Amino acid sequence: MSANPQWDVSRALRVARLFHLVCGVRDACVTPFLTLYLRQLGLVAPWVGILMGTKHLIAASWAPFCAFLARSHQKRRVLLTASLLGSAGASLFMVLVPPLDRDPGDRRCNGSHSLTAEGPPPGVAVTVTVTLASEPASNSAAGALSLPRERSSGVAGTRGFGEGPGESGQEPFSYPPSSSVGSTQGARNRSGVLHPDTPGVTDSPLKGAFRVVSPPLPLFAGGTALARSANQSAAKGDGRDLGLSLEGLQWTFIVSLGSVVFWELLTSPLEQVADDSLYEYLDFVDATDRYRSLWVWRLLGTSVGVCGIAALVGPLDCFLAASGPRGVVHFYGYSLVSALALLVSIAFPVPVCRRREPSYRTVKALSLVVGDPHLTVLALTIFLTGGATSAVQNFLFWQMKDHGSSELIMGFSVALGLLGEILLHPFKAPLLRKLSRVGTVGLGLGCLAGQLLYYSFLWNWWSVLPAQILSTLSHGALWWAVTTSIEHLATPGTERPLSALFRGHVCESGASLGSFVGGFVVMRFSLPVLFQACCVLLLLWLALFLSIQPRLPQERKINYSKLLAVEASDTSDSEQGTERDWLVKAMREEHSDWRG
C-alpha cells in the first residue's frame, strides 16, 4: 500500500511529527504565561479564575462537538485550516485589551532609574530608612512619601521611590502588578503610608526613618491606575474617581473575557481533530502502533517554545510595546508559529474515506464509566487532579513573580518537568509492573500533593526548580496508569472515546471548577493557602482511593468481548499461533490480582 501516495505512511508520520512539534511551540508561546499577562493587565485573582475557568469549560464541551461535526461531514482539513488561521488572528485581540494602568510601560525601556529601598517581608512590620539628597523640606510637609507609578524591575525586594506631580503626601502606595496583589495577606503586608518616625526629617539633606502604616485593604490589583484611584478615593472620600476605576475594571474584564472565549472557540478543536485524522489514517494500514510515539514531539516542541519565547520577551517587549503591559511578544510569537503550523497542515494526513463508526461513541463511553466502578473511581481521580493542577497552571507563576523570578526561569521550570517526563518514559513498563496501576496512580497523587505543598513555601526565585522533578511522576506516571487502565477496562471500540472522555471532558471540567474556586480562595486568603488546600484535598482523596480499592469488584484479566472481536476479524493462519500464545498468557494472569 505504501506505493500509493495516499497511503505513504513514512511521509505521513514525518509530517505528523513536524506538526506536533510546531503545535507544541505554538501552545507554549502563550498558554503557560496567559494568567501572568492577565495580571499585568490589572485583573485580580477572581477575575483571572473566571477567565481561565471559562476557557477550560469551552475546551471540555466545544472541542468534542467540533470533532464530531468534522468527522460526520468530512470537513477535517477545512476545520484544521480555519482553526489555525482563526486562532492566529484571534490571539492578537488580546494585545488590544486596554490595561487598567494607562501609564507608560516598564521604565527599563526608557532607561529611567530611581532610588530603591528594601520592602518588608510578608508578615513582618519593619522600619524603612530612606535617604534623599538635595530634597527640600517643603516638599515633604506632611512627612510622607509615595511610590512612583512604575512597574517592578523583576528583582525581589526592590521598589522605586519618588513623588509624582499632584500626588498627595498622604497617598497610600501600592505595589505593581508583579507584586503579590491577589491575596489579602499581600495587601496587608505591602501597602501603607510612609510617615516619619523621627523628628529630624525636616533637616537638609532630608534623612529619617519612616514607618509603614497600613491603610484599608486595596480593592484591586496594586500598582495599577485603578488601584491608585481606588485607594486615593478611599483616602480622600472622592467617589467619582472610584466610579471611573470600577468602570475601567469592568471594561477590561469584559474585553478580556470576549477575547479569550473567541480565541478558545477557534483553538480548542485543533488537537482532537488532528489526532482523530491521523489515527484513522494509520488505522487503514494497520499502523496504529506507530501513533503512540508522537506525543514526544509535542512535549519537545513545548519545551523549546516555552524557553524560546521567554528569552525573547525581555529584549523585544520594549521594542514592540512602549506602553501598556509587558508580554505582547507572547501573542505575536503565537501568531507567527500558527502561520508556520498552517503551512505544515497542508500536507497533514487526512483520510479521504472513512470506516463506518457509530455516532454514539461518547455516550457509550460515558455509560461504561458509570457502569464500571473502577472507571468511576478513576474518573473522580482525574477530575480532582484537573482541579488541583489548575491551581498550579493559573497561579504558580504569580508566586514565582512575587519572589523575583524572571520569565526565563518560569519557562525553564516548565521545560524541566516535560523533559523529565520524556526521559522517564522508557521506565514506564517496569514502573507499572512493579507498582501496579493502582500503586502508580497513588504515587502520582502523592507527588502532586507534595508539589503543591512545596509551592506554598517558596522562598526565592530558583526554589521552584527542584519540585519540577516531581512533575515527571505527578503528571507522566499518573496518566500512564490511567491510559493502561482504560486499555484494560474498555470494551472493543471504546478505547479512544474513553481516553478522549477522560482527557477532554473529565480533566478539563475539573480544571474549570478549580479555576473558578481557586481565584476566590486567593482573594479571600492567599496563594500559599490555595496550594495547601489543594494538597490536603488530594491527600484525603488518596487515602479514600486506596481504602476503597479492596472493596471494588475484582477486575477480570481476560476481556472476553475483545477476544471475540479478535476471533471475528480476518486473521491469517500464520497469526493463529500468536493469538493462542496471547490467550495462554492472559489465562495465566487471570488468577493474579490486578493490584499487584
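Just so it is clear, glycine is given a Cβ too, placed from its N, Cα and C backbone atoms.
Taken from TrEMBL, the feature compositional bias 'Gly residues' covers 157-167. Per TrEMBL, the feature compositional bias 'Polar residues' maps to 176-188. Look at TrEMBL and you will find 28-533 tagged as domain 'Major facilitator superfamily associated'. Look at TrEMBL and you will find 140-201 tagged as region 'Disordered'. Sequence annotations record features per position, and here TrEMBL assigns transmembrane segment to 44-70, 77-97, 295-316, 331-353, 365-388, 408-426, 438-457, 529-548.
A Cβ distance under 8 Å defines the sequence-distant neighbours of the transmembrane segment (529-548), meaning residues of its chain 6+ beyond its ends; these are 183, 377, 380-381, 384-385, 387-388, 391-392, 395, 399, 438, 441-442, 445-446, 448-450, 452-453, 455-456, 514, 518, 521-522. Ranked by the number of CB pairs under 8 Å to the transmembrane segment (365-388), the listed stretches 77-97, 295-316, 408-426, 438-457 are led by 438-457.
When each of the listed stretches 77-97, 408-426, 438-457 is scored by C-beta pairs under 8 angstroms to the transmembrane segment (331-353), 77-97 comes out highest. Sequence-distant contacts of the transmembrane segment (408-426), counting only residues of its own chain at least 6 positions beyond either end whose CB sits under 8 Å from a CB of the stretch, comprise 28, 32-33, 36, 296, 299-300, 302-304, 306-307, 309-311, 314, 397, 400, 461-462, 464-465, 468-469, 471-473, 475-477.
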